[in-house]
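Reading through the structure tokens given below for one structure.
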């Protein structure tokens with residue numbers, strides 16, 4: 001039994017879903033009670049990057065791969081210093097964590113961040129349930145467990161639709177970012193050559209997105225989600241990046257209004273994930289809540305024009321509705337899993353976006369060329385201003 005292997009299993013834990021389903025297991029991490037929308041991620045590796053992705057705010061993350069924690073945790077694989085997810089669900093926590101960068105076990109890491117987790121449950125059963133019924137509200141209780149209280153807590157969760165979480169997870173202060181990608185033996189590479197001044201809106205930005213922009217010569221100024229467009233334009237940027245983030249895009253009026261102003265200024269714009277949805281809304285399209293969303297590192301996406309297929313990392317529960325695209329937007333990419341819209345480009349402005357994660361931390365970098373297209377748009381703008 002897991003309890004005999006880890007020492008953490010002496011503390012009982014339960015996961016109760018709003019439909020009344022109960023999963024009994026053992027506690028990892030903190031004790032107490034947490035609630036959120038329960039989703040599943042199919043990635044095999046990268047559990048620390050997944051946990052620290054701000055897009056999981058108010059969500060309990062189920063990892064479908066059975067062995068989680070094999071490599072421990074470290075200070076370099078965090079996408080954000082804060083864990084915004086409200087819980088973690090796994091099958092097995094291995095006895096040993098083996099990696100030359102390991103500094104803390106997963107159990108210790110969760111405890112240090114005050115995050116609840118539950119292990120030793122049938123994650124296959126849970127995943128099938130979420131696949132069939134859609135994402136459900138759930139409550140994890142660890143320590144003194146009470147099924148009735150957990151069920152009441154789960155059913156009291158308001159859900160993510162209509163919830164603006166971007167302003168909650170966003171930075172509160174403007175700051176500079178000049179760290180590039182990580183390299184073995186040397187750590188994060190500094191900005192080598194400044195080619196462009198880019199303002200990045202932080203709606204819950206993953207650090208690896210910022211690193212890949214720096215790799216391409218972007219000197220980044222990261223601003224809070226609610227920063228007015230006038231303040232951004234006063235910084236005289238060569239381009240504006242719209243980050244990923246959690247929650248429903250529709251309530252983010254401040255972001256939609258700012259993007260409209262930037263579009264009117266013909267500013268080169270690149271959006272990822274939530275940023276993609278916000279660009280769609282600012283351009284006149286609508287968004288929808290998905291049944292259980294896309295969460296994983298093996299999602300095939302096709303380029304509509306070229307037919308090229310790339311394997312992508314995905315993490316979203318909302319999507320832009322292709323049937324509502326106005327004439328100024330063209331669909332550029334589609335999911336080969338369900339046909340949902342994955343990319344758009346303005347036909348009249350230097351602005352485009354992608355639903356998946358081309359920076360893929362964790363996951364493949366098949367779509368990294370999208371960063372290069374952003375560079376091309378900024379180069380074209382610079383050439384036209386000569």
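Glycine residues also receive a Cβ, built from the backbone N, Cα and C atoms like all the rest.
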Quiz item: Of 43, 55, 75, 98, which one shares the L-glutamine site with 245, 247, 274, 277, 315, 317, 318 in Swiss-Prot?
Solution: 55
Self-check item: Other same-chain residues whose Cβ falls within 8 Å of the Cβ centroid of 55, 245, 247, 274, 277, 315, 317, 318, the recorded L-glutamine site, in sequence order
Solution: 204, 244, 246, 248, 249, 273, 316
Quiz prompt | Neighbours of residue 245 (L-glutamine binding site) among the active-site residues 273, 357, 359 (Cα to Cα, within 10 Å) | solution = 273
Quiz item: Hey, what's the Cβ neighbour count for residue 277 (L-glutamine binding site) at 10 Å?
Solution: 33
Quiz item: Should any of the recorded positions 55, 273, 315, 318 have a Cα within 10 Å of the Cα of residue 357 (active site), which are they?
Solution: 273, 315
Quiz item: Which one of the recorded positions (273, 274) has its C-beta surrounded by the most other C-beta atoms within 10 angstroms?
Solution: 274
Quiz item: From the Cα of residue 317 (L-glutamine binding site) across to the Cα of residue 273 (active site, nucleophile), what is the distance in angstrom?
Solution: 10
Quiz item: If you skip the near sequence neighbours and keep only those at least six away, which residues in the chain come within under 8 angstroms of residue 318 (L-glutamine binding site), Cβ to Cβ?
Solution: 248, 249, 274, 277, 287, 288, 289, 290, 293
